[in-house]
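K.L.:
Got these off Swiss-Prot a minute ago, pasting:
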- 61-73: compositional bias 'Low complexity' (COMPBIAS)
- 975-991: compositional bias 'Acidic residues' (COMPBIAS)
- 1-27: region 'Disordered' (REGION)
- 61-81: region 'Disordered' (REGION)
- 965-991: region 'Disordered' (REGION)
- 179-213: repeat 'PPR 2' (REPEAT)
- 214-248: repeat 'PPR 3' (REPEAT)
- 339-373: repeat 'PPR 5' (REPEAT)
- 409-443: repeat 'PPR 7' (REPEAT)
- 444-474: repeat 'PPR 8' (REPEAT)
- 584-618: repeat 'PPR 12' (REPEAT)
- 619-653: repeat 'PPR 13' (REPEAT)
- 654-688: repeat 'PPR 14' (REPEAT)
- 689-719: repeat 'PPR 15' (REPEAT)
- 723-757: repeat 'PPR 16' (REPEAT)
- 758-792: repeat 'PPR 17' (REPEAT)
- 862-896: repeat 'PPR 18' (REPEAT)
Amino acid sequence: MLQPSPPHYSSSRDVRHHHHHHHHHHHLALSSKARVFPLSLPCNFSSRVSFKLQLHCAASSSSSVSPPRCSKPNPSSRKRKYGGVIPSILRSLDSSTDIETTLASLCLNLSPKEQTVLLKEQTRWERVLRVFRFFQSHQSYVPNVIHYNIVLRALGRAGKWDELRLCWIEMAHNGVLPTNNTYGMLVDVYGKAGLVKEALLWIKHMGQRMHFPDEVTMATVVRVFKNSGEFDRADRFFKGWCAGKVDLDLDSIDDFPKNGSAQSPVNLKQFLSMELFKVGARNPIEKSLHFASGSDSSPRKPRLTSTFNTLIDLYGKAGRLNDAANLFSEMLKSGVPIDTVTFNTMIHTCGTHGHLSEAESLLKKMEEKGISPDTKTYNILLSLHADAGDIEAALEYYRKIRKVGLFPDTVTHRAVLHILCQRKMVAEVEAVIAEMDRNSIRIDEHSVPVIMQMYVNEGLVVQAKALFERFQLDCVLSSTTLAAVIDVYAEKGLWVEAETVFYGKRNMSGQRNDVLEYNVMIKAYGKAKLHEKALSLFKGMKNQGTWPDECTYNSLFQMLAGVDLVDEAQRILAEMLDSGCKPGCKTYAAMIASYVRLGLLSDAVDLYEAMEKTGVKPNEVVYGSLINGFAESGMVEEAIQYFRMMEEHGVQSNHIVLTSLIKAYSKVGCLEEARRVYDKMKDSEGGPDVAASNSMLSLCADLGIVSEAESIFNALREKGTCDVISFATMMYLYKGMGMLDEAIEVAEEMRESGLLSDCTSFNQVMACYAADGQLSECCELFHEMLVERKLLLDWGTFKTLFTLLKKGGVPSEAVSQLQTAYNEAKPLATPAITATLFSAMGLYAYALESCQELTSGEIPREHFAYNAVIYTYSASGDIDMALKAYMRMQEKGLEPDIVTQAYLVGIYGKAGMVEGVKRVHSRLTFGELEPSQSLFKAVRDAYVSANRQDLADVVKKEMSIAFEAERECSSRSGEEEEDDEEENSEEDEAF
């Protein structure tokens, strides 16, 4: 009985999991002829190795199996017609799990060729190995290299490197020498697994046995180099082979690829560089008659079509179109047969380098030579035209596949669906899906998230759900695809739909969610600001048997830090460290930024120091947050200190950091220092950004340096990067310097640039117009803001409106009354203010719109509301409506106040009702009404309107008596100065 493999030859993955599963295998005896080295791979694998088999089988049975996705699949090798007993044996093996018993029951004496067929027809590595061991168990069996090649290939394709290594050692001790085919096959399977250096070590071993690679092996090495992006090395190897040399240049290749073969206890590179050569040296080196040795350095030329195809693809991917074309021409000249793959490769090479017409002409040449295009040919042309933006041509090639008698394959449908989905062509996508349904073709699993994303982006969430549910009826999606589907919903904030998909897996199939699905679901909750749900999901992960990874911790931590939930973030960070996961720089950066936003600079500094202690190097984002935080707080010395530390640590400062530094200097008015930093930014690639320029503009504006500010502003203009802050700062500067014409020019430019988009920007321009006395233009702008843009007004807006009311001649008592109504948030205060303002500016249509809002329901029993209605109707010339409003006011029990009397006397004057004016005048004269300049002025203006200038002059004299000339003068002057100061401060504050 064979001995089990020693523990040190089992893979690290088996060591971690061997205690979970047990598997029974048949015990087979080997003949004396088939000598097996004690360390060879036995048929009764150790529990560690058997776990792999069991795990593999379990995974295959539980995971989704991609259904056939084209109406006419390519025939498999099982469709080949074999003579004799082979077909019946294959059928028996297919229907049996007990391979050994089945083979033994047939009692057949198979020839080596028939044995080869049975080995090749097995689809799983375990079955290949069991059939092989059965053959070895017969005394008549003679080991041969072809059988070992089949077994080694099966193990390599399955990534069973430990088993392959043991099989190789067994092969050597059975005296079976590898051939060129063996080496070529090993290079191929290792290369396809991404183990480039390990693959090439087989060629080195080949050289030690004095074998020289044949053309097939050479082409395999070239393909490995090509697929790993090592185009120059591939070219050197090919040319070296032609000259009779082998040029591998192993030292320049990374020792361990990204998939980490170095992680296992006995890693592949160590095996290939030590154990492998040791085994090879134990046997006498024999030169095979079938292979040329390295001493034969006669020039060689490739002769196989497959070799030329590989080389053409190599030069195409390397961008060496001339070399690819020369090889194609050489094939034509030297008589090397050209096949469909050759043309496909040339078409792809030409098309991907922008030569679509040449690609099209190659298709015609292909047909002229009698070489039929296959589905892949049309797939290539379809993708090329789609990439070029010619969707109609791409779809034409899709339709042509069936026209010429071919069948679209998985790649075809995936490509056409992705193309249409990217361009949001919903109807066309559904037409393709309908055609696939008619031909009983299922949608490829990888296309499901793409189609769903198109639906969701177009607001067709119901259709997206229907597609997902339909696909799930007969197919279990992989975790990767499920995560992609959840992410489609997450990106649009559709957390309920994402949640349904997430929990649906557990409810429908009883499977636990993968960590990737948890990570995306946490992202979905984060996007929807449902942080409690995200935390709850995270806390329940372990109970469901899924452990968080670094991505889980980092995502959750950054989500919490992003919304300044620092306490929860700290707890996650502590748990992350306890679990052995190392937070990345982005994680620390998010937390430091959160502390800075909250003004917790000392906590930010503590975390920065902890970050350095754990060996995580701070990046420019970390330093930028700290520098900006100190700059905003006016702590210039600390900001500069961290800037110097950043330079000492060799971290390149970006524009954000330098802008923060300028901001710090601006806070304390250090112009020269700010200039130095700004000049440094000018010398950098792309120059200063708009944020840095705005910081410098602000500093110049505060210091009143017009020329330098204009220079910076003009530079922004030339680059087309002026933003709202740039324009506002320049308006503030010009207005502060009394340069109102220039301020208005900037305001006009800002308006034309389309940057008037929010309340703040409108306020800035309106304040500028108000300061320049362009009251009507200011009101037009306000109407655009209020009615057309429907922006929410803020206190800055109303400050400007009250300034306009004062400048528009509205009685000061009326302005105060409206301002009080606004401050007290009285109902309908805003339409009362706007109606009064538009009336004062002569914009009666706008005024009546606002008045309609006041009168559409019950007018509030407030003086400000009735006064606004009376004033609006009076100003627009509708005397009857104004008087009706006054009468309704009295009916409501509201006595007229000074504002009402002023508006009422104006109505009398416009209507020519002199007696009415006289009544108010009389009450004012005899003290029945409180003396008011506004009311005296209203009476005087009413007499003028009624063509009684004589009475207007009388009122003027009475005003002189009531308000002594000197007091009137000083008071008026003081009020004007106070008003001007108030207006100026209000206008300035709007900036």
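Using the three backbone atoms N, Cα and C, a Cβ is placed for every residue, glycine included.
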K.L.:
Check the repeat 'PPR 15' (689-719) for me and report the mean pLDDT.
P.N.:
87
K.L.:
Give the nonlocal contacts of the repeat 'PPR 17' (758-792) in its own chain as ranges (CB under 8 Å, at least six residues past its ends).
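P.N.:
Here the qualifying positions are 724, 727-728, 731-732, 735, 740-741, 743-744, 746-747, 750-751, 800-801, 803-804, 807-808, 834, 837-838, 841-843, 846, 849, 983-984, 986-987, 990-991.
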K.L.:
Let me spell it out: take the repeat 'PPR 8' (444-474), skip the flanking residues so only those 6+ beyond its ends count, and list any with a Cβ under 8 Å from a Cβ in it.
P.N.:
64, 66-67, 69, 410, 413-414, 417-418, 420-422, 424, 426, 429, 433, 481, 484-485, 487-489, 491-492, 494, 497, 501, 504, 508
K.L.:
Give residue numbers and ranges for long-range contacts of the repeat 'PPR 16' (723-757): same chain, 6 or more residues beyond its ends, CB-CB under 8 A.
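P.N.:
Contacts of the repeat 'PPR 16' (723-757) (Cβ under 8 Å, skipping residues fewer than 6 from its ends): 690, 693-694, 697-698, 700-701, 704, 706, 709-710, 713, 716, 764-765, 767-769, 771-772, 774, 781, 785, 789, 987-988, 991.
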K.L.:
Per DSSP, what is the residue tally for the repeat 'PPR 13' (619-653) in helix, strand and coil?
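P.N.:
Its residues divide into 26 helix, 0 strand, 9 coil.
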K.L.:
DSSP says what for the repeat 'PPR 8' (444-474): how many helix, strand, coil residues?
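P.N.:
Helix/strand/coil tally for the repeat 'PPR 8' (444-474): 23 helix, 0 strand, 8 coil.
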